[in-house]
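**Student:** Here it is: the structure, laid out below.
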Amino acid sequence: MSLAKARKGLKTEKKGGKVSPEQKILNQFLEAPKDKHKKKDKKFKFTQFDPEHADAAYNITVEFMEIANKNPENAIEKVIEYAKKASETSDPELVRHALMMFVTHHPSARNKNLRIPPLIKRSPGATVPKKKNISLAPGPLVSTHSTEKIKETEDNPELYMNWYREDPNLNEHHEHWHIVYGSNGVPDVKDPKIRVHKDRHGELFVYMHRQMLARYDIERLGLGLSLIKPLDDYFAPIDEGYHPNENLVDAEDEDDPYSTFGSRKPGSKNRDYGKKDGPFTLKAMDANRKKVEEAVNCGKFYNGAEIDIDTLGAVLESYGKGDLIKYYGSLHAGGHLTIGHIIDDPGVMAQTRVAARDPVFWRWHRHIDNLVKTWEEKREPNDFSNSSPVKLQDVIFVFKDKLPIHHGETQDEEAAAFGEKTFGGKNFCTDVSKNDIVTNELETKMKTRVWTHISDSGSTEEIDYLFPREFYYYFRVENTSASEFIATFRVFLVPEELAESRVHWIELDKFKECLPANSKTVVCRDCDMSSIVRQPPQKTDDELDDTALPIDTTPVDNNNDRFCDCGWPFHLLLPRGRKGGMKYKLLVFISDWSEDEVPTISRCGSISFCGAEGAADKYPDKKPMGYPLDRPFKNNSYKETFAGLNNAIIRDVCINWVDEFPEIVVEDSC
């Protein structure tokens, strides 16, 4: 099914999506008003990074699933009823987190198309943007800025990245990923007392966060800022401060003295969290870090087991309850907890839904990722000698607004037919780079939408956000074998300046395509369908601030056409580039689907970042995540690594940050 057809049955509430009775009571609980759920312990702050808090939330999720299994006819009503009671004795935010875990994983919610309300609706105070007070790029500031603001920017260049870090949808992606991949696993939906560990969770923890880091570094490079400096010294002062918008709130209880997030002054020192003899003292974390470094340097864990990426990722995230976790501690969580509690009023680093707003989030994760990279760099490069029987000729880009097609349910078929006629057949070997409809330069622009303080005065602030000019890829590829070949297309992008750094290649797409025997095929691919993007893509202001709902709320069992809300925001698919253009390298690599295939796949949002839909399902690709960039380059050269391969192509592409371009999806569309 094409995305356009699938989207036809999904609309925001404003545009005709239906709020079912079950969705309504779910929304009412998760969008709790200020005067409900008064906290008994004003100093308790739920954080998913605290193992005890995570355990408590997991146990409530188990209870929710048991209740749903015992009451199949009215499961959601019974679960919400119990959630209200649990909130009287447990922290309301903890209960809400458990409920979101339930909605994400249990079939009684999934089969009724229940969706977690967007962050901006269930916790509007947690999405307040950083107040705009500087220009969007380094350089001469406009005359409306005061001398004080100019000095502030010069002293703190991190302010130039506010537009990116403070993006509500980026932060919601990070929160939702940690719900889909809870640090304690997922209860088995049939027998909730059984804990299910999602396939390759540890590896995906590394890969998803590495992709976030790469994209952040690329945006910094585009602005002329230095790359992320890892936070390697746990005892040294932290150069960057972070002062959130004073309206950014952490609790619905207006009587809570800690209802706002705390600020961290530049030069603040980290401090211990929790018990004096616990795993989150700086001394214990430093000792655990040294244990991890020893392991990655020798390639084995303390018990003699060979390191693999999935186990190493689990150890660093502190995923699971095994002896390895006990020995190596909870390094990733420890950073969030200690930095997030530098002062008594917890900062944003303690919450998944806002942590990425803080510059130190990226520094901490660069430190964690470098531990993995140290191990990876000791491995041998990939061996591509047994490559697929295909020959990639080129990759062609065409902006959607330039295609002579109808933008609706049939657009993919029309775009494919146009591609075959224009770039295939007798034109297959023709140089089309000079064709007026072809572009070698992708485009982005900055847009602005209005954010409203829903929970109080109704006053507004503006959100600056990136948006790409939509495009189709056309891959011209030849199947040189006498048999049908099913190909896995893997598409990556990197700034030319970072091309030798494999951890900075960002994934743009991954998909399969059938190539007939002895054929020359033009493969058409919509940028909407990206393997990393949340589905359906959120494009309009209305979609960015709401969740798509079904037009038909009739429950459907095992409906593989529905989507879920995990994945990267579409508007951040492409890096911004630079005014006048920024040079990138695009890699397309084809592997053999018969070797990559996982037997059962039901797409749930981003297949690359979120895996398969079911908790017990296999990750939908047998290859290592990030393949073919998961191992060191041959002789530290990306060119040498892929030289002479018919199944790979590297081409130049420019991304130009422009002021305006035509858009396919407009705000008043249906």
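Quick reminder: no glycine exception, Cβ is built from N, Cα and C everywhere.
From TrEMBL, for reference:
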- 1-24: region 'Disordered' (REGION)
- 122-147: region 'Disordered' (REGION)
- 248-276: region 'Disordered' (REGION)
- 358-369: domain 'Tyrosinase copper-binding' (DOMAIN)
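Help me understand the surroundings of these features in the structure.
**Tutor:** Note on the domain 'Tyrosinase copper-binding' (358-369): residues 158, 161, 165, 206, 209-210, 212-213, 216, 228-232, 238, 240, 242, 264, 316, 331-332, 335-336, 339, 347-349, 503 of its chain, located 6 or more positions outside it, place their CB under 8 angstroms from a CB of the stretch.
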**Student:** Using DSSP, what's the helix, strand and coil tally for the domain 'Tyrosinase copper-binding' (358-369)?
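**Tutor:** Summed over the domain 'Tyrosinase copper-binding' (358-369), the classes give 11 helix, 0 strand, 1 coil.
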**Student:** Please work out the mean pLDDT for the residues of the domain 'Tyrosinase copper-binding' (358-369).
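**Tutor:** Mean model confidence (pLDDT) across the domain 'Tyrosinase copper-binding' (358-369) is 98.
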